Amino acid sequence: MRTLWIVAVWLMSVEGNLYQFGKMIKNKTGKPAMFSYSAYGCYCGWGGQGKPQDASDRCCFVHDCCYTRVNDCSPKMTSYSYSFENRDIICGDDDSCRKAVCECDREAAICLGENVNTYDEKYRFYSSSHCVEETEQC
């Protein structure tokens, strides 16, 4: 029964914001978000500390800062409406929380796409034990 509950919770999160954000990342970078960015550098993935390791990691740092600003909107779980039009991401929600979360994800996906050339395999599955420098402020 516990396993069934865990799978149900995971499926709910997959249908929410993180899944949508992953689709945006794939659209802008051509890389699968789960395998390429879920544990990249010091900031891509859950949590974050230390100094961003490259421009791609800095995109995730800025995204974390954006999520901090919209924290009352439960950004990791809030789903929203958006579309792709000629490779542009259009956030289309009238709800202010959903729109704000979508904009955080949109800006991060664009940033990752613009900096895909900085992506370095050595930062994939990067241990947080390497992220010891003083954490920057948002």
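Backbone N, Cα and C atoms are what each Cβ position is placed from, and that goes for glycine too.
The structure displayed is predicted, hence computed values, not measured ones.
Cross-referencing ASP64, ASP72 with the Ca(2+) binding residues that Swiss-Prot gives (TYR43, GLY45, GLY47) picks out ASP64. Per Swiss-Prot, CYS60 makes its disulfide bond with CYS44 among CYS44, CYS66, CYS73. Of the cysteines listed (CYS65, CYS66, CYS138), Swiss-Prot assigns CYS66 as the disulfide partner of CYS104.
If you take the Cα of CYS65 (disulfide bond) and the Cα of GLY45 (Ca(2+) binding site), they are about 13 angstrom apart, rounded to a whole number. For the recorded Ca(2+) site, residues TYR43, GLY45, GLY47, ASP64 set the reference point as the centre of their Cβ atoms, and the other residues of that chain within 8 Å of it by Cβ are CYS42, CYS44, TRP46, GLY48, GLN49, CYS60, PHE61.
Under 8 Å, Cβ to Cβ, and six or more positions away along its own chain, CYS91 (disulfide bond) finds TYR80, SER81, TYR82, LYS99, CYS102, GLU103, ARG106.
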